[in-house]
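Structure record follows, encoded as structure tokens.
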Amino acid sequence: MQSAVRKRQSNAPRSSTNPSQPESKPKGSSMKRPQFHFDLWFYLTVQNWILDFGRPIVMIILPLEWFPLNKPSAGDYFHMAYNVITPFLLLKLIERSPRALPRSAVYLSIITLVMGASIHLVGDSINHRLLLSGYQLHLSVRENPIIKDLKPATLIDSFELLYFYDEQLGHLMWYIPFFIILFLYFTGCFTHVKEEKTMPLSGWLLLGPSALYYWYLVTEGQIFQLFLLTFLAMVATVIHQRHKGSVPDANGLFLFASFSVTMFLVAVWVAWLWSDPVLRKKYPGHLYVPEPWSYYTLHVKDSH
């Protein structure tokens, strides 16, 4: 009888929840390392160069007969595509964030970005038609020859309102949420695994075009203060995370390196045009950052 009981006990399955022994991890349960999002960074860079930087260029190159002044221009269609594609790519980037980000902040930022970019679309479209009529970007609204003699004089106030929507309100509602989204994404790009802080070759190849576009965005959009605040917030985040033992992953390193190179390019641009008297008058104040297209209309356009 006792032998039968001992036999049954020896054949009984052993419990796998023995508290005296640590539970072994199943195979494949290790954390998945975040991958470098080359596809999204590549799409963002290419569409930024084509649809944003390329807008004024395509309006200059294509014959005016193809796009009458009372109809949208080729650049306007580029702007419409940008207003759809950019928010979509930013949302896809947020989806791949290693850390859950506040949805309300993301949604409000995307909605505001689309609204601001749409305001800018209208203002920039009319501004292009003014350029074809002789408007000079390096001069203020009231100093432009085609504006200052308008009758009645209240029309000048209307053009100043247009300038406000185009260059000030539109830019703020466009770029503030743009940089908020990039910063929110950056805060989630930190890891304790030091091997993941290296950036692949594809990231280094994209670094130059990405930083050069941000330089254009900061200077032409007149948003250096916003960019500087974002960059300083990123630096503070890196320092804070390093105290916690975390380092940027490949995507965070790419974004931080792009902004660092952009800061260097803006400093070189400002130093080069520091003593230009005309641009100094157009852009007064302590933070002097002239626009590239103002430089073009002042020094390049009439030289051809």
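Residue numbering: from 1, along the chain as shown.
Note: Cβ is positioned from N, Cα and C throughout, glycine not excepted.
Features as listed in TrEMBL:
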| type | residues | note |
| --- | --- | --- |
| REGION | 1-31 | region 'Disordered' |
| COMPBIAS | 10-23 | compositional bias 'Polar residues' |
| TRANSMEM | 40-62 | transmembrane segment |
| TRANSMEM | 77-94 | transmembrane segment |
| TRANSMEM | 106-123 | transmembrane segment |
| TRANSMEM | 172-191 | transmembrane segment |
| TRANSMEM | 198-216 | transmembrane segment |
| TRANSMEM | 222-240 | transmembrane segment |
| TRANSMEM | 252-274 | transmembrane segment |
### Query
Under a criterion of three or more Cβ pairs within a distance under 8 Å and sequence separation of at least 6, are the transmembrane segment (252-274) and the transmembrane segment (77-94) in contact?
no
### Message
Tell me whether the transmembrane segment (198-216) sits in contact with the transmembrane segment (77-94), defined here as at least 3 Cβ pairs under 8 Å among residues 6 or more apart in sequence.
### Response
no
### Query
Does the transmembrane segment (172-191) make contact with the transmembrane segment (222-240) through 3 or more Cβ pairs under 8 Å, each pair 6 or more apart in sequence?
yes
